[in-house]
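Participant: Below you'll find the structure I mean.
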Amino acid sequence: MTEQRKHKVITLMGPTASGKTALAIELVKNYDCEIISVDSALIYQQMDVGSAKPDAAELAVAPHHLIDIIDPADSYSAADFRKDALLKIEDIISRGKTPLLVGGTMMYFKALIEGLSPLPGANDEIRAQIAVEAQANGWQALHDQLKEVDPVAAARIHPNDPQRLARALEVFRISGKSLTELTKVKSEAFPYEAIQFAIAPNDRKVLHKAIETRFKAMLGLGFVEEVKKLKSRDDLHLELPSMRCVGYRQCWQHLDGEYDYETMVEKAIVATRQLAKRQLTWLRGWPDLIWLESGAENNLDTVLRYSR
């Protein structure tokens, strides 16, 4: 373990549409590193356009680990990511290269670097039962249940946040212990030295414009057709984490007739901007970050200087 701590990994975090992938590819060209994706949308197969997955030309230059690894109908947790990422890091280091972790899923970064509590895995039967209860009695009734067994979590989780509410109840029903109690115990610390960068524009308007431009480009690349194909499957629905990804949810609802095309475009752009705002909030509270300005000419030199 002491020897492992000498090894460095580079992390490149940032909000959506901030230029992470472009900078990461330049790093691969100029530094002996391999990219590990830290993105909860890129893990899914058949979700290429709307997730801004690197294209074939980009992947030929800079292959990405941990993209296209699961079906959209399957579940994948932060604990799954931590396990998979640690294995990839070990493999890359064993081949004499530097791992470069790139993405905007801050929950994954937090799980990897700070460790995770030993929570039980998903239980399909219990999840189904919770869904039945929610359908019959409403999420407020389930929130009242959570107040009884885990008042601390109930105070933190809103009744209109079904994913987190269901998970807190699921943990209690599986383990007999509250989420609050279990999260006091952390898994083993991150065994590497992390050199951590964050990239974002200084002007929020620049990021907002980049988000709008990128989403409209996705529409030109066939995003609606991609969602139509996913929607034609009988095992996908809006309650799945994959279909709750920003853009996919709004497009699905448009195809369901909930609103017209123009409204879908507007809602998807607004939702993406809200995601970027949450990502930036996380990053501002993240320690030991070296900040980079999106599009700055010296970004590559800065990363190389700190990483060597």
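Start at 1 and count along the chain as shown; that gives each residue its number.
Even glycines carry a Cβ here, placed using N, Cα and C.
For reference, Swiss-Prot lists these features for the protein:
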type	residues	note
BINDING	Gly14, Pro15, Thr16, Ala17, Ser18, Gly19, Lys20, Thr21	ATP binding site
BINDING	Thr16, Ala17, Ser18, Gly19, Lys20, Thr21	substrate binding site
REGION	39-42	region 'Interaction with substrate tRNA'
REGION	163-167	region 'Interaction with substrate tRNA'
REGION	244-249	region 'Interaction with substrate tRNA'
SITE	Thr105	site 'Interaction with substrate tRNA'
SITE	Arg127	site 'Interaction with substrate tRNA'
Participant: Excluding Gly14, Pro15, Thr16, Ala17, Ser18, Gly19, Lys20, Thr21 themselves, which residues in that chain have a Cβ inside 8 Å of the centre of the Cβ atoms defining the ATP site?
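Facilitator: So the additional residues around the site are Gly104, Ile199, Ala200, Ser294.
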Participant: Over all shown protein chains, what is the count of other CB atoms within 10 A of the CB belonging to Pro15 (ATP binding site)?
Facilitator: 28
Participant: Rounded to the nearest angstrom, how far is the Cα of Ser18 (ATP binding site) from the Cα of Thr105 (site 'Interaction with substrate tRNA')?
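Facilitator: Per the Cα atoms, Thr105 (site 'Interaction with substrate tRNA') and Ser18 (ATP binding site) stand 13 Å apart.
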Participant: Show, in sequence order, which residues other than Thr16, Ala17, Ser18, Gly19, Lys20, Thr21 on the same chain lie with their Cβ within 8 Å of the centre of the Cβ atoms of the substrate site.
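Facilitator: Residues close to the substrate site, other than Thr16, Ala17, Ser18, Gly19, Lys20, Thr21: Gly14, Pro15, Ala22, Ala52, Gly104, Ile199, Ala210, Ser294.
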Participant: May I ask which residues of the same chain, at least 6 positions away in sequence, place their Cβ under 8 angstroms from the Cβ of Thr16 (ATP binding site)?
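Facilitator: Non-local contacts for Thr16 (ATP binding site): Ala52, Gly104, Ile211, Val246, Thr272, Leu275, Ala276, Gln279.
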Participant: Taking the Cα atoms as reference points, how far is Gly14 (ATP binding site) from Arg127 (site 'Interaction with substrate tRNA') in Å?
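Facilitator: Cα-Cα distance, Gly14 (ATP binding site) to Arg127 (site 'Interaction with substrate tRNA'): 32 Å.
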Participant: Report, as a single number, how many Cβ atoms besides its own are within 10 Å of the Cβ of Thr21 (ATP binding site).
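Facilitator: Cβ-Cβ neighbours of Thr21 (ATP binding site) within 10 Å number 23.
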Participant: Taking just the CA atoms, what is the gap between Ser18 (ATP binding site) and Arg127 (site 'Interaction with substrate tRNA') in Å?
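Facilitator: The separation of the Cα atoms works out to 36 Å.
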